[in-house]
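Scroll down for the structure; my scribbles are underneath it.
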Ligand SMILES: [Zn+2]
């Protein structure tokens, strides 16, 4: 039985939850209540709101349409010499990079503080916000192309977008539509830095502490050493920013295939890094904030030049990913290690 005082407390909590739930991300208290999985329609509204609130500092364009006709959004902020590109949600069921990207655009683009003006004068940050909107709506990894028999992907669903960035594959011939859109945006922008945000299962380190995120640089043998070293510098900045937020970063045991964005954009000469956020249901808001912290730190250190001073050997010292936590890993437990 609920006594009157408890009932009032419950009512207030419900009212608060309703307020937070219905408020736009811009009005939510910092670090709380960000929608981890905004719908396609809500994402479009949030981006248009950012464009408007930033008085044009955030520039949003449709890069083209997904197979099912949903726009794939590109958002750009800043006008500096150093070009940085982030990609979120190539895999539809790996959502948390997307709300982090919205927060990044708001923090950098909305307002005219000295720090914001300085950062925008030093870097141009281009974000492909949710590369795979169809996969998001179907809540699966692949794009939507059920008739296809993909070399990488699943018949009945679609292509694995993160296997179709091969430098030799022309965007107009790319069978994975949305990967072609990312390729085109990359080619037009020519970023020095390219960071691709994904999600993984749940793992521990050698000491039994849970890993909150994993990072990796290009491992394809064709990537120049200087470009691998630059990617390692970016990976170290990502590790430090996430660990500084209470996270625990490991290396990611990824593959060498050239069609993986991490390898492909390294082959094309960018400092190219993969960030995998662990799927920790009870830590979702913190995971979004960690991704945001890495986006801000990479842009900041690219802007002030300190990124090039990081010791790349520190990346090799990032601990390896330990064993999976089977009881917590859920549906992902069956999947092998995949970028
Ligand atoms: Zn992924």
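Note: Cβ is positioned from N, Cα and C throughout, glycine not excepted.
Bear in mind that TrEMBL entries carry predicted annotations, made automatically and left uncurated.
Of the given residue ranges 278-308, 309-339, TrEMBL assigns the label region 'Disordered' to 309-339.
Shown in sequence order, 198, 199, 200, 213, 214, 215, 252, 339 are the residues of the chain, 6+ apart in sequence, with a C-beta less than 8 angstroms from the C-beta of residue 276 (active site, proton donor/acceptor).
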